[in-house]
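The structure appears right after this line, and notes come after that.
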Amino acid sequence: MNFRRKNIKKQQCEAIVGAQCGNAVLRGAHVYVPGIVSASKFMKAGDVISVYSDIKGKCKKGAKEFDETKIFLGNGISELSRKELFSGLPELKGIGIRMTEPVYLSPSFDNVLPGYLFLQNLPSAVVAHVLNPQPGEKILDLCAAPGGKTTHIAALMHDQGEVIALDKVSNKVEKIRQNALLLGLNSIRAFCFDGTKALKLEMVEDTEGEPPFLPESFDRILLDAPCSGMGQRPNMACSWTLKEVTSYQPLQRKLFSVAVQLLKPGGVLVYSTCTITLAENEEQVAWALRTFPCVQLQYQEPQIGGEGMMGAGLSFEQLKQLQRFDPSVVPLPDTDINSLRDTRIEDMIWLANKDCIGFFIAKFVKCKST
């Protein structure tokens, strides 16, 4: 997505939203009632509202004025009055402000052709193609919610085979099921289950295809691992602590260990994250190659992202086998889309790599039984 600032005149009435809600507005979403922290004293339904983000989280719920640090997000139309917003009624969960002039040109695609489209960023779509699922195979998506990659995998298989999707949060699993139903995909079976416990070492009882699973049960496995998410954008504020960021590496390794044991010899394992840290990406690849002699790094197709980052002890050849999408590497100029009509394919790939979220992909093949 290419975000371009617009010159929007500040209106008389104001509303303040939280930093996380502000991120959603920058991505083109409307402002939902729970995200509104403060609103002007005389705000009523139908008013033009200037929306700001309280990036430091200092605005108290229901405040009539707020003069601390805030960032302008754009203008919208209020769906409710101030009294209705802060009445405390639990049923008020819908749209509070419908954005009409966001600062960035990132349109909302909510409910646009819902039975035909499932929006994904470029690297997430690439992951499914790198996995290269084939009809009739049994595939595991180890950390699947909300199901974008899961449904893409099932579609690439022509819905022929079995895609097992795991997530340990029940409402997220329900979202996977809803997306599969919406797209008419029957090969997806979603379970609320902790991926770190998905390996069953002994046949103690018949689980009828439910987790946990016996070793070497799957032809291909996607591990889109929980991560620090530092590749996501835009972001109004960074609240991560060093302890939080470093907590993901052990979890990712535990999940990877399970995935290797669940994979059949000759099977493919794709590891991905939406972060840009060396510790969660290239260092994990180096660790995996040292820890599991049965897996080998593989070249990826399609290869759209850049090479891996140095610093983890991987060879130049190994770095070329990785894909790293990092928009911070080269600043993207303000490009007119009409000027791209005659652009070379190489330049289009370069543009795609830079104008997207930060992301990382590694592909492994299991050469022998563990």
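Cβ coordinates come from backbone N, Cα and C, glycine included.
The following features are taken from TrEMBL:
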| type | residues | note |
| --- | --- | --- |
| ACT_SITE | C274 | active site, nucleophile |
| BINDING | C143, A144, A145, P146, G147, G148, K149, D167, D194, D224 | S-adenosyl-L-methionine binding site |
| DOMAIN | 42-367 | domain 'SAM-dependent MTase RsmB/NOP-type' |
Nearest-integer angstrom distance between the alpha carbons (Cα) of G147 (S-adenosyl-L-methionine binding site) and C274 (active site, nucleophile): 15
Set of same-chain residues at least 6 away whose C-beta sits under 8 angstroms from K149 (S-adenosyl-L-methionine binding site): Q120, S124, V127, A128, D141, L222, D224
Span of C143, A144, A145, P146, G147, G148, K149, D167, D194, D224 around S-adenosyl-L-methionine - largest C-alpha separation, Å: 19
Residue pair A145 (S-adenosyl-L-methionine binding site), C274 (active site, nucleophile) - Cα distance, angstrom, rounded: 14
Distance [Cα-Cα, Å, rounded] between C143 (S-adenosyl-L-methionine binding site) and the residue listed as 'active site, nucleophile': 13
Other CB atoms, at most 10 A from the CB of C143 (S-adenosyl-L-methionine binding site): 23
Other C-beta atoms that fall within 10 angstroms of the C-beta of A145 (S-adenosyl-L-methionine binding site): 23
Cα-Cα distance linking D194 (S-adenosyl-L-methionine binding site) and the residue listed as 'active site, nucleophile', given in Å to the nearest integer: 20
Entry from the recorded positions list D194, C274 having the most other CB atoms no farther than 10 A: C274
Cβ neighbours of G147 (S-adenosyl-L-methionine binding site) where a neighbour is any other Cβ within 10 Å: 28
